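Here's what Swiss-Prot has on this protein:
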BINDING   112, 138, 139, 177, 185, 187, 216, 217, 218, 245, 247  pyruvate binding site
BINDING   138, 139, 185, 187, 216, 217, 218, 245, 312  thiamine diphosphate binding site
BINDING   216, 245, 247  Mg(2+) binding site
MOD_RES   313  phosphoserine
TRANSIT   1-33  transit peptide
């Protein structure tokens, strides 16, 4: 029964919230304790029996470029904070399971984990609706879960099983869900696609925007700047989100970028930098960014300052280009899950014992999902499967060409069209 409470529910539009919250946060070398107070005012979307809280963010939470930063005060429900905590714990347990499965050689190939960066996926999802689009780089497992995929479907895909979100054909870098367009294995290639998603929203007069995520390592790609230009030229509702985790593979940002204030890279596009280790600040900044785009102001560059605890990928120990002391300092002083846990206890949303029970239930739930994913069969070893899953089901063409014309597949015949 406990496991059922961790099933990801579709996000709903949060209305009537002001701006940001205050939490223990650290930007650069500044660490500040937030102040919070309960309020009697209830938002209409609050679930029955829950109270709202007023959250005050430290002044160091944001740094802006060509715009006024978000408010440092906003109101949200206790239920929302609790759900965000549960989601971050699930994502971390899922990533830890990926680590173990990779080491057990059940996951092969590329695998990029986001342990330490959970606040970004969870904070964004709580600030938007299912009408909005998200597209990311290859570090995408948490986003896939937050967009509605099950832990089982994510892990099954990583293990090459038919129950995976891409039917076992995509692997770690090619995960998809409704409103989530991947996962992209080419550095920076998702950015122009994200601009295209924003154009589609604009063309169809949809009340939605595109959150297009890329890393500091991709920020110097030419196609990123080309996308900036097109987005500003056409006033597209796109939020260019730079996940600055300080290292592009094993190269520190300062060694690869002449200017590391990525939120200012848009030049003619306003920008905002936010403490990406603080989910409450991430939520407020993301909501601000969406409101900015939908108000007709055009694109926005949003930089999330974050940190990955592990290496670039499973083949990288992550300790040859940074010290263990640096990693431990970030874990002990800036962990997004530990920070939100403190708020849950301080606000009386949950006791220490209840939080431990949530953690235990999350561990049990993910373990069960691992077993289900591991038990799922791989794609059937038949020739026709190479030509399946190209088109949306129900829209398939009668034939599909392969590498050469002679390799054209006939779906009705279930064989090559030009062969007996």
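Using N, Cα and C of the backbone, Cβ positions are placed for all residues, glycine too.
Taking the features listed in Swiss-Prot, we show where each one sits on the structure.
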residue : record                : Cβ contacts under 8 Å, 6 or more apart
112     : pyruvate binding site : 138, 139, 172, 173, 312, 313, 314
185     : pyruvate binding site : 110, 138, 173, 174
216     : pyruvate binding site : 242, 243, 244, 245, 246, 247, 248, 253, 256, 257, 260, 262
218     : pyruvate binding site : 137, 187, 188, 191, 224, 248
Checklist entry - So around the Mg(2+) site, 216, 245, 247 aside, which residues have their CB within 8 A of the centroid of those CB atoms? => result 215, 217, 243, 244, 246, 248, 253, 306, 307, 308
Checklist entry - Just counting, how many other CB atoms are there within 10 A of the CB of residue 139 (pyruvate binding site)? => result 25
Checklist entry - Given the recorded positions 245, 313, which one is most crowded in terms of C-beta atoms within 10 angstroms? => result 245
